[in-house]
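Novice: Got a structure for you, written out below as structure tokens; questions coming shortly.
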Amino acid sequence: MSEKDLEQFNADVQENEAATAAPVDNASPEAIGEAIKEINGEADASAAPEKADDELQVGVIKPIATGKPESKRALKKAEKKKAKELKNIYHVSNWQIIKNYRNYNQQERKHYKYIFRRRITEKVWPVFRFLILFGLGFVILYPILYMLSTAIRPQTEMSDPSVMWIPKEVIFSNFVDVWIAMNFPKVLLQTVLVNVVCSMIQVVTCGVTGYGFARFKFKGKGLMFGIVILQIIVPVQVILIPLYMQFRFFDIFGLIKLITGNAVNLVSTPMALYLQAFFCNGIRAGVFILLFRQFFRGLPKDLEDAAYLDGCGPFMTFIRVMVPNAKTSFLTVFIFSIVWYWNDSYVTGMFFTDPYTIAMEIDRLGTTMILYFTGEQNGMASDYLVWIEAGCLMSLLPILIMYIFLQKQFVEGIERSGLAN
């Protein structure tokens, strides 16, 4: 560097030192503001490359921050806040909701409306449900209660207007009189024998028929199932006279008459009812076939395929695989069949003349009691109402006891068989 250049450099340095050492007390505010802006601008400009370099370093060296922990924390915090608000809302009483309803905003009104309706429903629905169940229970139990109240009172109190439900005198001699007049042990044994045998036969035959309709394809399947549906729809009164004539002059393709010279009379024998049950023509047999069909269609076919692979035929598959899985349905059909045979007096009355079943005896109980007390057939059956009600209560007890012991299996069978749908 030459001496001239060195002198110029020293002069510039002295000018800079003089400028920096100059006092700023006498400077104007505008000058100070412009100086600050210039300094800040230079700082920002100088910081920008550093910031860019830092961002470049973060992008290259460090992983990019996702911010998930902060979002989770914020979400949890918002949920807690919302739960707290809902808790405060639910603790508000109905009176406070009505009183302060005008002061709420639209969102709060929506929440409080829902809470108010829900509280009213929770209060009213149990009462409404109780009234419905109580009414249904009373309608169902009223005949039994009336039957019991009438059966344990003397005949003289039937014309007493002051006695409504609770008799003045409780007696049980009415049951003894009915027991003797009906010959109840013999009639009960006859009824149980006929009902149990017919029900067992009907369960087996209807179960096999329903399984065939559910699993196998054959010609005329639709036509035969249509006949089953007609059996449900067509009343039994339409076919009862042809059935009576068939069993009054029973013959198998004319072979019996060819051998013996006369047809066989099956009327007044249990065989007339047994044969109807065997050929799926018993009481409500069409309903039972449909019930079994629906149940077997609901079982998976893999069970049968596994049995076929093990060497079982269709019949053994039905016995070993399908029947164990359909125990509840068989029990349900058996109970239904018992009850319907037990209460039937129309069909059994056409094929039975002596001995009678319980349902047939109840139909003629008024005449039986007149003969028992007077020895004649002249009289009014309404005068013997206490004994008629006692006989109805006695006929009801066996079925009621059976249902009490088999209630669980009966309800389960209805749920699984498809009858509830």
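Quick reminder: no glycine exception, Cβ is built from N, Cα and C everywhere.
All annotation found in TrEMBL is predicted automatically rather than curated by experts.
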Novice: Choose the correct range: of 1-32, 65-96, which one does TrEMBL annotate as region 'Disordered'? Give that range.
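Specialist: TrEMBL lists region 'Disordered' for residues 1-32.
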Novice: Among 223-245, 271-292, 325-342, point out the range having the most Cβ pairs under 8 angstroms from the transmembrane segment (187-211).
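Specialist: That would be 271-292.
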Novice: With CB pairs under 8 Å as the measure, which of the listed stretches 223-245, 271-292, 325-342, 384-406 comes out on top against the transmembrane segment (127-148)?
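Specialist: It is 384-406, which has the most Cβ pairs under 8 Å.
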Novice: For the transmembrane segment (223-245), which partner among 271-292, 325-342, 384-406 gives the most CB pairs under 8 Å?
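Specialist: Answer, by Cβ pair count: 271-292.
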